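Enquirer: Below is the structure I would like to discuss, written out as structure tokens.
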Amino acid sequence: MNTMSHKFVLALDEGTTSARAILFDSDLNIVNIGQYEFPQHYPQPGYVEHDPEEIWEAQMLAVKKAISKIDAKQIVAIGITNQRETTVLWDAKSGKPVYNAIVWQDRRTSPITDWLKANYFKMIKDKTGLVPDPYFSASKIKWILDNVPNVREKAERGEIKFGTLDTYLIWRLTNGKAHVTDYSNASRTMLFNINKLECDREILELLKIPESILPEVKPSSEIYGYSEALGNLIPISGDAGDQQAALFGQVAFNVGEIKATYGTGSFILMNIGNNPIRSENLLTTIAWGLEKNKATYALEGSIFITGAAVQWFRDGLRAIDVSDEIEPLASNVEDNGGVYFVPAFVGLGAPYWDPYARGLIIGITRGTTKAHIARAILESMAYQTRDVIEVMQKESGISINSLKVDGGAAKDNLLMQFQADILGIKVIRPKVMETTSMGVAMLAGLGVGLWNSLEELRSIWKVDKEFIPSMSEEKRRALYSGWKEAVKRAMGWAKVVGGQV
């Protein structure tokens, strides 16, 4: 094709294990993809770090590959999406990181967040929508300020910058001209008041974090600065955390629209509109903001183990050689044969929040085969998704009529049909499964006027397949009741047998 007349949007997707760059055309078709892995660093048990320089190098290699077939002058916008919460502090003058990036999985700051949980839980949940946990950026920033020599002193002199990885990449791409983040990423720091849409001074003072190190918080779609890294100036005009970008990429623009991303674990986000809803069992987060001082909010539920259970079936039990074999194996049986699998390898996430739960296979008889267990593993993903969606409906009072899906397991037709059956609602799989990158490409294109409205984006978005529920209500109720019983037996198990959390 003659690409010279085409306009393209470049999405940078900075993940936990690799940096990707995906080039989209103006009809949101994928033109090319670049992907490079970068090393994980584990200096001590519970510590997980990345070298920001290695991330930058991997990201630039990915960009080079993605744009190799076009002229960079045809790129009208760049959007950035990222692993959320991961924290970098760097020297404002030299641009050099003062310490490795502390990754969202890192647990070293548990003593800090245990103290916050014991003394300030309600205040933090009310203001930020989050629960005190090492997962979020605030305690990671405090740890670096307290433990890396001279950093606190430099921070107090205004010589240190903080950012999640979107902020760091924008800083690098603009040669230090822009120190910004968007509402969605700011809402994952545990320093941002999601009601007032500003950094919270009370929490900053509590953790002794100087406000001067924080980036300016802007809408998710506007020009933040211009990239100087590709030979010509290109506007950087979209920014969103990965899960929020996926919600946008699923065109979930209306209240009650919901998406599930099936990865190693799963993330379920629901658009709840312009007012934050307080939730007992879920996180309240900012989905995006398309204009200043106005945000769209989401409820978020995270499931710790979904796709990782298939990896365990493959590597731990050696029951299959490759992950793709699980669907045909599970298809060999009509149903689960009464077998339930609760994948509580590291406890249970939303809505149970039980770190003492442990994995369980129950209902085994002499007639149970490998295929029944394979089916039970797939079904556990659907049951856990229903667990979260039921809480979302109950706590929001919003009726959910369909579920949009993406991620690796969404390609599995057997699982997606069962997901529709056990929920009793339609499940919709999009044509383009790279919803995270597509979401931030949409935001970037909106920011420069390549697309003019959410309606225009919705009209471009395409469905691959819809799964319509065909199970009777009686069977649905019986199967889900069995799942709830199995979960009850898995909960608290590590306490019973004295296992480690």
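Glycine too: its Cβ is placed from the backbone N, Cα and C atoms.
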Enquirer: Quick check on the annotation: Swiss-Prot has ARG84, GLU85, ASP242, GLN243 binding glycerol, so which of TYR135, TYR183, TYR297 does it put in that site too?
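Expert: Given ARG84, GLU85, ASP242, GLN243 bind glycerol in Swiss-Prot, the matching entry from TYR135, TYR183, TYR297 is TYR135.
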Enquirer: Which one of GLY307, GLY316, GLY359, GLY363 goes with THR16, ARG20, THR264, GLY408 at the ADP site, as Swiss-Prot has it?
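Expert: For ADP, Swiss-Prot names THR16, ARG20, THR264, GLY408; of GLY307, GLY316, GLY359, GLY363, the listed one is GLY307.
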Enquirer: For ARG20 (ADP binding site), what is the secondary structure state per DSSP, taken as helix, strand or coil?
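Expert: Going by the DSSP assignment, ARG20 (ADP binding site) falls within a strand, counted as strand.
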Enquirer: Identify, in sequence order, the residues in the chain of THR264 (ADP binding site) that are 6 or more apart from it along the sequence and have a CB within less than 8 Å of its CB; answer 'none' if there are none.
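Expert: ILE305, THR306, GLY307, ALA308, GLN311 - these are the non-local Cβ neighbours of THR264 (ADP binding site), listed in sequence order.
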Enquirer: Taking only same-chain residues 6+ apart in sequence, whose CB is under 8 Å from that of GLN243 (glycerol binding site), what do you get?
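Expert: Expected: ARG84, THR261, PHE267, LEU269, GLU300, THR436.
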Enquirer: Which ones in the same chain are close to ASP242 (sn-glycerol 3-phosphate binding site), with CB under 8 Å and 6+ residues apart in sequence?
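Expert: Counting only residues 6 or more apart in sequence, the Cβ neighbours of ASP242 (sn-glycerol 3-phosphate binding site) under 8 Å are ASP13, GLY15, THR81, ASN82, GLN83, ARG84, THR436.
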Enquirer: To the nearest Å, how far is the Cα of GLY408 (ADP binding site) from the Cα of THR17 (ATP binding site)?
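Expert: Here the two Cα atoms are 16 Å apart.
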